[in-house]
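Right, one structure below, let's go through it.
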């Protein structure tokens with residue numbers, strides 16, 4: 001059976017326990033992962049997501065995934081250079097460890113300065129964003145535009161590595177578009193420059209988040225490198241994580257969009273990797289209770305700005321249950337914390353009656 005066929009079957013018909021039988025070495029998923037001087041006791045990572053992975057979101061993920069690597073939202077090195085005080089997105093709670101701050105820019109000197117400030121804030125590693133596909137980032141020479149500037153990318157890694165005493169890692173994509181998939185050579189240059197881990201999203205910049213992640217390219221990069229390679233893209237379940245590792249041979253997986261409105265995902269995968277058992281999924285009432293807590297925490301942490309940001313998070317929680325669409329629409333328009341809590345209280349009561 002070819003790998004593409006296996007991937008389809010693994011996601012559709014195989015249980016997590018039967019997937020263990022298909023893996024050449026499932027026990028490796030429970031072993032620590034060494035990233036330079038940093039030892040990770042989980043092979044599941046929560047992706048940095050702009051406007052999402054703030055301190056509040058990370059606390060929720062950490063609750064269910066006690067050992068997974070967490071990341072801040074990506075931070076502009078230029079912004080850090082010009083501001084007298086560090087932006088709130090760089091705030092770290094020591095209880096979050098292991099934690100990394102992700103930076104983006106195209107200027108090696110600014111990146112080195114920002115990396116030093118990140119470490120001073122408590123970051124246990126520094127991640128360099130070379131994959132963001134958003135125009136406002138790429139037009140400034142950051143994110144995935146660095147895939148077209150390998151010499152600059154290499155210089156950034158070398159300069160940051162020389163500036164800090166923690167592991168320096170990179171998150172990137174396959175290439176700019178299908179005509180410029182240069183990831184194997186690009187990844188080798190990053191490794192030679194001193195990067196100590198590479199996270200690879202299996203799509204090009206042109207794809208954005210469309211189509212399926214091409215895990216076969218992650219497998220090619222894994223075979224070409226000696227540093228750890230983390231697979232990213234389409235990790236929406238325990239089953240997907242297992243299928244991805246089986247196909248790619250990667251050293252771990254990074255969850256991104258699968259965690260939106262579902263901060264349980266990283267913990268579910270982490271639990272399975274360590275025990276071989278699938279954790280019971282939260283009920284609708286439990287998910288909505290988590291949403292309610294998310295709302296309250298955002299309000300306490302950010303005030304009115306947190307309330308506005310909460311709308312999208314609350315909407316993400318509302319899926320896969322009767323009445324979800326209507327509740328999502330209502331929550332997206334709330335103007336007070338109490339309004340949101342009342343709507344969620346009603347939905348939680350209804351969900352409990354349906355158990």
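Glycine residues also receive a Cβ, built from the backbone N, Cα and C atoms like all the rest.
Here Swiss-Prot flags 132 as active site, proton donor. The Cβ of residue 132 (active site, proton donor) has 24 neighbouring Cβ atoms from other residues within 10 Å, across all protein chains displayed. Under the three-state DSSP scheme, residue 132 (active site, proton donor) falls in the coil class.
The local packing around residue 171 (FMN binding site), expressed as other Cβ atoms within 10 Å of its Cβ over all shown chains, amounts to 27. The FMN binding site annotation in Swiss-Prot covers 48, 49, 50, 102, 171, 232, 233, 234, 256, 257.
If you take the Cα of residue 171 (FMN binding site) and the Cα of residue 132 (active site, proton donor), they are about 9 angstrom apart, rounded to a whole number. In the three-state DSSP reading, residue 171 (FMN binding site) counts as strand.
Least crowded of the binding-site residues (50, 256), judged by neighbouring Cβ atoms within 10 Å of its own Cβ: 50. Its own atom aside, the Cβ of residue 48 (FMN binding site) has 26 Cβ atoms within 10 angstroms in the protein chains shown.
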